[in-house]
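Per Swiss-Prot, the feature Zn(2+) binding site maps to Cys14, Cys17, Cys36, Cys39; the stated evidence is sequence analysis. According to Swiss-Prot, the feature ATP binding site maps to Pro118, Thr119, Gly120, Ser121, Gly122, Lys123, Thr124, Leu125, an assignment based on sequence analysis. The domain 'ClpX-type ZB' annotation in Swiss-Prot covers 2-55 and is backed by sequence analysis.
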Amino acid sequence: MFKFTGEDKGQLKCSFCGKYQDQVKRLVAGPGVYICDECIELCNEIIEEELSEEVDFELKDVPKPAEIKAILDQYVIGQERAKRTLAVAVYNHYKRINLGSKLDDVELQKSNILMLGPTGSGKTLLAQTLARILNVPFAIADATSLTEAGYVGEDVENILLKLIQAADYDIEKAERGIVYIDEVDKIARKSENPSITRDVSGEGVQQALLKILEGTIASVPPQGGRKHPHQEFIQINTTNILFICGGAFDGIDKIIANRVGRSGLGFGADIRSKQEQNVGELLKQIMPEDLLKFGLIPEFIGRLPIVVTLDALDEDALVRILREPKNALVKQYQKLLQLDNIELEFEEEAVRAIAKEALRRNTGARGLRAIIEDIMTDVMYEVPSRTDVTKCVITKDVVLKKQEPILVTTNDAKSRRTKKEESA
């Protein structure tokens, strides 16, 4: 007696495992292919297993707050409170992302960060270093170039394009990145009261940023620029992107001082002059109402729940910045001359003089490079051509009086050696 196979019966079969229709419970049809219920179940198991492995790896991969701060200490001098707050905020943010793939009754909300501090206090450096620690895509955007949709300038979606480019167009990777929006204080509305005229580069930009800060699926033009109807867009979910907004917020210390002064009136008030309370102390007392008075809209403030304040850098901090970090400027210039077999030495008084000049210019740590570059340009121009120079010494007079640095040559070394031999 003959036994008919599925093929003889003209039955359909699974394109993956080859089983016929009568050998499985269900066969799902696609364009020219079929898949059985057993293969579907196996695919689901493989995907779930891979996802759980990926999540477990990420949980182990995120450094603890103390580890994040320890690495920040290697690059950023001072700002202890700011580094602690940022370390905790970033750690919690990535814990929240990892929890998101698991079913849980507690939903953790997104916590974007607002950084306030004088120019050159380390806002951008902190954000860059965080991205390097976590090995995630990082993009810097300038809020002053943004305008409301439909006006000349950049759309807010162009910020996300920079992040996508930093992730080499890997959307999944970009969706876990960090975006630093600089000069966010420049998009404050021009007056405290709502305006009847359109403020396209101030309040309008704040309104446009609300959705991407909170979390939305944004349509990003792949080539940047303005959107137009006959264009394909890149879809990116901003729910798990950490936004750090930074700004100097010049003048907000006066707003805080006025509020603190009003609350301190009457008998038993702690009377302190403005000179006694420096800007750093005042910024630590910042409240949402101060940001509102400065010109940020309530919805924008609400989407930046973590406020980090940075102190102005003093002379000692600037001296440490010049010498201590891994990428310290003194170390960088020493390395540059070392490549020409020349030893570079900065005397302690010279380093102090550079720090004082940066304070005088009121440029913070950012101004240090300009001062050193001015000192070193002639040296770096002349010295590589001379084979007799072995050492270059930068003194206080080189910084303050624009004198020539001390160049130690092989002849000097020989004469010193001869004198030692003669005295012996």
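Every residue, even glycine, has its Cβ placed from backbone N, Cα and C.
Mapped onto this structure are the features recorded in Swiss-Prot.
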residue : record              : contacts (Cβ under 8 Å, 6+ apart)
Cys14   : Zn(2+) binding site : Tyr20, Val24, Leu27, Tyr34, Ile35, Cys36, Glu38, Cys39
Cys17   : Zn(2+) binding site : Cys36, Glu38, Cys39
Pro118  : ATP binding site    : Ala248, Val279, Leu310, Ala312, Leu313, Gly364
Thr119  : ATP binding site    : Ala248, Asn362, Thr363, Gly364, Arg366
Gly122  : ATP binding site    : Val76, Ile77, Gly78, Gln79, Ala82, Leu310, Leu313, Ala365
Lys123  : ATP binding site    : Met115, Gly117, Asp182, Gly246, Gly247, Leu310
Thr124  : ATP binding site    : Ile140, Tyr180, Asp182, Gly246
Leu125  : ATP binding site    : Tyr75, Val76, Ala365
* To do: Would you mind ranking the binding-site residues Cys36, Cys39 by how many other Cβ atoms sit within 10 Å of each Cβ and giving me the lowest?
  => Cys39
* Structure fact -> Close in space but at least six residues away in sequence, with Cβ under 8 Å from that of Ser121 (ATP binding site), the same-chain residues are Gln79, Leu310, Asp311, Ala312, Leu313, Gly364, Ala365
* Asked: Within 8 Å of the Cβ centroid of the ATP site residues Pro118, Thr119, Gly120, Ser121, Gly122, Lys123, Thr124, Leu125, which other residues of the same chain have their Cβ?
  -> Gly117, Gly246, Leu310, Gly364, Ala365, Arg366
* Structure fact -> Averaged over the domain 'ClpX-type ZB' (2-55), the pLDDT of the predicted model comes to 78
* Asked: Which residues in the same chain, at least 6 apart in sequence, have a Cβ under 8 Å from the Cβ of Gly120 (ATP binding site)?
  -> Leu313, Ala358, Thr363, Gly364, Ala365, Arg366, Gly367
* To do: Look up Ser121 (ATP binding site) in the DSSP assignment and report helix, strand or coil.
  => coil
* Using the centroid of the Cβ atoms of Cys14, Cys17, Cys36, Cys39 as reference, list every other same-chain residue with Cβ within 8 Å of it (recorded Zn(2+) site), in sequence order. => Ser15, Phe16, Gly18, Lys19, Val24, Leu27, Tyr34, Ile35, Asp37, Glu38, Ile40
* Helix, strand or coil at Cys36 (Zn(2+) binding site) [DSSP, three-state] -> strand
